[in-house]
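The following features are taken from TrEMBL:
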type	residues	note
DOMAIN	1-91	domain 'Cytochrome oxidase subunit II transmembrane region profile'
DOMAIN	92-225	domain 'Cytochrome oxidase subunit II copper A binding'
TRANSMEM	27-51	transmembrane segment
TRANSMEM	63-85	transmembrane segment
Amino acid sequence: MAHPTQLGLQDAASPVMEELLHFHDHALMIVFLISTLVLYIIVAMVSTKLTNKYILDSQEIEIIWTILPAVVLILIALPSLRILYLMDEINDPHITIKAMGHQWYWSYEYTDYEDLGFDSYMIPTQDLTPGQFRLLEADHRMVVPLDSPVRVLVSAEDVLHSWTVPALGVKMDAVPGRLNQTAFITSRPGVFYGQCSEICGANHSFMPIVVEVVPLEHFENWSSFMLQDA
């Protein structure tokens, strides 16, 4: 959950998000070092009256500033490609959930159960209870078991949406007529919030995503209750 004055990303709740955080810090450090070097060169060139003939015309320096950027790009590209492949891997999911985007709410269908599905609407501000978050709370949460590979099939009923939960490192476009899939494994229990990240109309800001991660035993009790209630 993001908080006021926060500068970094949200705390990771999945292994993929932990990798993304590490890559963010890695890339940011490279950018910081390059910026420091460039700033030092600019200050040195402006503040000194001396001229170095080896800098003005030097094959060695040209070789260095050709090879060095290539090395830097490789240092950024290799971990980036690794994470891209990790995000696309879906190995034997324990549960599959279909998330459908509508104007303007989400509907969830647990495809491994015969009749388990529900719509998830934002709770209006006037109906919030103390401790609940404005524009982020939903009347029905997507409940998933802890430490279990979860596959999410994402699509839309009408216009483009995007199913996004930052703490889980998940962002998948919901396209009408197309079924996209993503996966995640949660590393700690909790409630994680997201929002539609595709501008989908007048109420784009009012279709939150709430994922509640619970131990497997609690998930089984919840699914049994939902099936009986249906």
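Glycine is treated like the rest: Cβ placed from N, Cα and C.
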Per the Cβ under 8 Å criterion, with at least 6 residues separating them from its ends, the transmembrane segment (63-85) contacts 16, 19-20, 22-23, 26-27, 30, 34
Residue counts in helix (H, G, I), strand (E, B) and coil for the domain 'Cytochrome oxidase subunit II copper A binding' (92-225), per DSSP? 19 helix, 62 strand, 53 coil
In the domain 'Cytochrome oxidase subunit II transmembrane region profile' (1-91), how many residues does DSSP call helix, how many strand, and how many coil? 67 helix, 0 strand, 24 coil
In this predicted model, what is the average pLDDT of the domain 'Cytochrome oxidase subunit II copper A binding' (92-225)? 94
